[in-house]
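Copied from TrEMBL, the annotated features are:
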- 255-266: compositional bias 'Basic and acidic residues' (COMPBIAS)
- 271-280: compositional bias 'Polar residues' (COMPBIAS)
- 151-253: domain 'PH' (DOMAIN)
- 255-287: region 'Disordered' (REGION)
Amino acid sequence: MLKMSETGNRLRKLLESPNFDPQTYVKQLSQQSDGDRDLQEHRQKIQNLADETAQNLKKNVYKNYRQFIETAKEISYLESEMYQLSHILTEQKSIMESITQALLSTDKDETSKEMQAAFPKETEEVKQRALTSLLEKVEGAKNIMDIPGRHLVYNGDLFEFDVDNMSPIQKVHAFLMNDCLLIATWLPNRRGTVKYKYSDLYDLESFAVVNVKDNPPMKDMFKILMFPDSRIFQAENSKVKKEWLEILDETKKNKVSKDRHKKEEEAPTSPIRSEVSTNPFDLEDEDPADAEESAELGIEWIQELPEDLDVCIAQRDFEGAVDLLDKLNEYLKDQPSTQKVKELRSKVDERVRQLTEVLVFELSPDRSLRGGPKATRRAVSQLIRLGQSTKACELFLKNRAAAVQTAIRQLRIEGATLLYIHKLCNIFFTSLLETAKEFEMDFAGNTGCYSAFVVWSRSAMKMFVDAFSKQVFDSKESLSTAAECVKVAKEHCQQLTEIGLDLTFMLQSLLVKDIRAALQSQKDIIIEATKHRNSEEMWRRMNLMTPEALAKLMEEMHSCGISFQQYTGDGCWVNLSYTMVAFTKQMMSFLEEGLKLYFPELHMVLLESLREIILVAVQHVDYSLRCEQDPEKKSFILQNVTFLHDTVLPVVERRFEESVGKPAKQLQDLRKSTRQVRVNPDSTTSLV
């Protein structure tokens, strides 16, 4: 054998050699062989080696099969998250390029001003007339000219692409005005002079323009960000794209500058006040105050605050955006509520709405659920700082409910129920514990949200119990398996008390219906089996045939707390009937399993089940005593009654009271009735 093993190892090393040449090997083998038999033996060795290799490969595949599946899932998750990360980085890069271009275009402003001075602008009337003539070609755009002072700055054809997959959507015509941007779609069936149909109108302050880097064939594109949405347009060529970017940027700056100058040029005092007041010191007191107020709101960081908020939201710098809002609120806390303050707050409130929508989307279950509860901390904390603690609480709990449900759904159903329940409890209660800790950390200062967490815990527990009951009770598992599974769930539930969360009562209330049905079903099975054995009762001593079988029975009785030594006879005989021994074993097994499943709500159910099972045995021995005429058999029956009354029933009562902590009054009353059977064995009247 050793020689064959060495030969096989040499052959394996030879075949695994990187320089192995099959043709040379076969040629040498045919030259060295003595005949057909030698070649057949060598062929068999190679075949054995191939079978062994295939078997090892199969074992490795089976051994790592679960890891292969989990690895494939992880790769899928990582691929999805890397795609999201790539999308975010692309947006960041585009924003940085846009900022760089904005800085480079600063020098062009001076040249533009000189050109404007050399060539005076068209009159307001001419600009409005040009806009009116163009808008006559747009269906549904009659109300655009209702705003006084609105005029056309630039217009042209663009092609819109889908943001997600960069597929072409439609051809549009864009009209850039001094305060807004109109997007109109081309009409396939033109009617007279009408060429376009009104689609969207965006205020210049409501969007940001970002350059999109050329990536052939996708080129000459720019993106318009209207948070939380965005749109991508393609210009005819690079020159047209550059004109759009420059003119859009310049128009937005002109509008901001015009609004700023308009506020500064507003009269500081009310004309009515100046007419009524006759105190010469009023003008001296009020004018400087109003001028100071105007100067305070004209601070550079306040004027640039709306655009800074847009940049923070675009770059997903949620903390920076909320810091700016806190800084503004602190600054305006002591300021009077003037018209300028109201206008500023109106602009800021629009950004707050956009920021809230982005944070809400971050917490939506549609986002990646990986990373656990900590992954939601950033969005939750910023929503709380924005005063949206109730919404943050609701979204956080919805996100965690979806994560728990997904984890339970992805759990593989094993062949062994107990193994599946171990994994189910580990996943669910670990997730619940992590969620509770994260909730306590995020909402430490919002005690009003804790009631929402309790309600969520109940719904999560119901989801767990549904999966638990479906596997344990609906599949008709044995009572012993169900008892072990419930015990595991109880132990895991107790771990939550470490953080002051006790859901044991909730778990019990959700399981009580299924456990009650399982106990009653098992009770019916035991009663039916007992009655069947009673019908075949011969009242003979039990012979176990071998000492090993007797020792095993004595060990089983001892583990149940029953003293059995006095009922053993000579050899392998037992001084009890087979029916009584089988009943005792089944009865004690039901008691132990019932105590594992015990809840206070099941107290009477378990007691009544025990009473009904014992009553079947008591009625049987009572009937047998009254009907049996043979004195020897009657004495043997009485011995079985003594075993039931003096040994089994006290152990059942004691075990029940020790585990539950309450006396079993129904069982005590039943034992008293069996005592009369033992005291009056010759009575012909049923005492039970």
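All positions are counted from 1 along the displayed chain.
Just so it is clear, glycine is given a Cβ too, placed from its N, Cα and C backbone atoms.
Fair warning: this is a prediction, and the values are worked out from it, not measured in the lab.
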PLDDT averaged over the residues of the domain 'PH' (151-253): 85
Summary of DSSP states over the compositional bias 'Basic and acidic residues' (255-266), given as helix, strand and coil counts: 11 helix, 0 strand, 1 coil
For the domain 'PH' (151-253), residues assigned helix / strand / coil by DSSP: 19 helix, 61 strand, 23 coil
